[in-house]
Amino acid sequence: MSTPSHNHHDAKHPYNWPISRKWTLTVLAAFTTFISMMNGTIITVAHFEISEQFNVDETTFPHSYWPVTTWAAGGACSALFILPLAEDFGTRPVFLTTYVLFLCFLVPQAVAHNFATLVVTRFFAGGCVAILANTAAGVVGNVWETEWARSIPVSLYIVGYMAGSSAGPVVGAVIFQFLSWRWIGYMQLLWFGALFPVYYFFFYESRADVILARRPMGKEDTEKRTGHSSSLSLQSLVTSATRPVALFCTEPVLFVSTLWSSFTVGTLFLFTQSVEQVFMELYDWSVEATGYVQAAVVIGEVLGWTLNLLSRKLYFASASRNTEVPGSPIPEARLYMAVVGGVLGISGGMFIYAWTSYPDIPWIAPAISLAMVGAGSVLVVTGVSDYVVDAYSTYAGSAIGAVATGENLFSAFLPLATMSMYRTLGLNWASTLLGFVSLVLALLPTLMFVWGREVRARSTFMQRGKEDSMRKALGNI
């Protein structure tokens with residue numbers, strides 16, 4: 001779908017909105033992402049009580065994690081098959097409709113009479129959250145015109161996306177300490193329901209083509225102005241759903257980027273299982289206390305967001321060294337701080353987490369390592385997302401779709417191995433193994449620092465991105 005031309009004198013165009021209106025929508029989008037992502041992990045602290053009530057056996061396998069697995073799987077399916085259908089209808093109607101559906105699927109999470117109900121309804125809740133989060137992400141690109149203007153809003157969205165999942169066990173622990181596990185669902189109903197009027201009045205439509213299409217005109221003029229017709233081609237929908245998979249299978253750079261980002265996000269979800277095992281076994285903590293200590297991950301993620309400001313400066317400073325497309329930043333510069341975050345933050349944090357897991361070492365030591373992993377994860381996911389968008393420009397939506405699907409799948413299934421891995425290898429070597437995997441994934445992108453230009457030259461999809469960058473650079477002369 002083509003983008004309508006930008007008239008700098010058109011007050012209705014989102015690029016020309018007052019800065020206060022842009023930031024209102026941006027902050028609202030990031031906040032929405034944060035609180036909706038909490039839904040994925042908020043019930044993990046209550047798994048003992050849920051298992052007891054529904055007679056779920058966790059002796060040899062963490063069956064109580066299935067509600068989180070289906071939640072993340074729902075997000076993966078939604079990203080591939082539902083979002084392509086929704087993109088032509090505008091951000092506001094898609095967001096509000098999905099929000100109401102999400103509220104409906106919160107009800108059975110609170111009143112479920114059997115475990116199957118919880119597992120199935122959370123699949124659909126996860127699908128709704130994926131649409132809400134992706135719609136919120138689209139808002140950033142819709143209202144901020146330049147890369148420089150978008151960089152901070154994008155990083156704010158990503159830290160909301162990641163911190164929401166990490167904050168879930170913390171908020172869940174607060175509720176679960178004083179109330180039953182069902183109140184975790186009831187409380188979500190209360191706050192999401194109370195916020196609906198805010199979204200109804202302040203979540204403005206931000207797609208320029210949809211806004212312009214509302215002006216009185218004939219159908220032909222509408223299609224000319226917006227760049228699309230009102231009918232959806234089945235072929236275009238199939239292409240939208242299958243292209244991310246095709247790119248993942250044929251593009252080595254996207255393959256590695258997806259694995260790196262997916263493993264990073266999956267590790268954060270894995271903490272909902274491993275932190276409980278480590279801190280209950282070593283320090284005899286309650287399940288609620290193991291939820292509270294995961295606030296260290298959130299603190300680290302906020303720290304990672306502040307460090308990401310340095311990444312922003314390094315990226316734009318690289319434009320002066322770009323001999324390939326003079327005046328444009330080097331795409332691989334997006335990965336500088338991501339590699340640092342992957343090596344020192346995630347790998348370093350996992351190694352410290354592994355070898356401070358002894359009862360005679362104060363609990364603050366492994367807690368600090370959790371913060372290190374949190375900080376590194378934000379740098380990695382932000383860097384990978386930005387790099388993929390820059391490198392695949394024309395196909396950025398499909399490339400990001402592949403990354404998002406991978407993140408959801410790793411979030412769904414990697415934590416299922418936690419119990420077996422930590423029991424078989426022990427607390428120390430299980431975390432060490434995760435640290436080594438993260439280290440390998442973090443070092444692979446350094447090859448792009450040396451051969452990035454050659455790799456992009458061999459990729460048809462990346463060449464499209466190069467052509468777009470050259471056109472932008474020429475347009476700025």
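Note that Cβ sites are derived from N, Cα and C of the backbone, with glycine treated the same way.
Lifted from TrEMBL, the feature list:
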type	residues	note
TRANSMEM	25-48	transmembrane segment
DOMAIN	25-456	domain 'Major facilitator superfamily (MFS) profile'
TRANSMEM	68-86	transmembrane segment
TRANSMEM	93-111	transmembrane segment
TRANSMEM	123-144	transmembrane segment
TRANSMEM	156-179	transmembrane segment
TRANSMEM	185-204	transmembrane segment
TRANSMEM	253-271	transmembrane segment
TRANSMEM	291-311	transmembrane segment
TRANSMEM	335-355	transmembrane segment
TRANSMEM	361-384	transmembrane segment
TRANSMEM	396-417	transmembrane segment
TRANSMEM	429-452	transmembrane segment
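Note on the transmembrane segment (93-111): residues 36, 39, 43, 86, 117-118, 121-122, 124-125, 128-129, 131-132, 135-136, 182-186, 188-189, 192-193, 196, 199-200, 203 of its chain, located 6 or more positions outside it, place their CB under 8 angstroms from a CB of the stretch.
Within its own chain, the transmembrane segment (396-417) is flanked in space by residues 40, 61-62, 65, 68-73, 75-76, 79-80, 83, 126, 130, 134, 165, 240, 243-245, 247-248, 251, 254, 257-259, 261-263, 265-270, 272-273, 384-385, 388-389, 461, 465, which lie at least six positions past its ends and keep a Cβ under 8 Å from the stretch. Using the rule of three or more Cβ pairs under 8 Å, pairs at least 6 apart in sequence, the transmembrane segment (429-452) is not in contact with the transmembrane segment (291-311). Contact between the transmembrane segment (291-311) and the transmembrane segment (361-384) is supported: at least 3 Cβ pairs lie under 8 Å, counting only residues 6 or more apart in sequence.
When pLDDT is averaged over the domain 'Major facilitator superfamily (MFS) profile' (25-456), the result is 87. Counted over residue pairs separated by six or more positions, the transmembrane segment (185-204) shares at least 3 Cβ pairs under 8 angstroms with the transmembrane segment (25-48), which defines the two as touching. The stretch in 123-144, 253-271, 361-384 that contributes the largest number of Cβ pairs under 8 Å to the transmembrane segment (335-355) is 361-384. Between the transmembrane segment (253-271) and the transmembrane segment (123-144) there are fewer than 3 Cβ pairs closer than 8 Å, counting only pairs 6 or more residues apart in sequence, which means the two stretches are not in contact.
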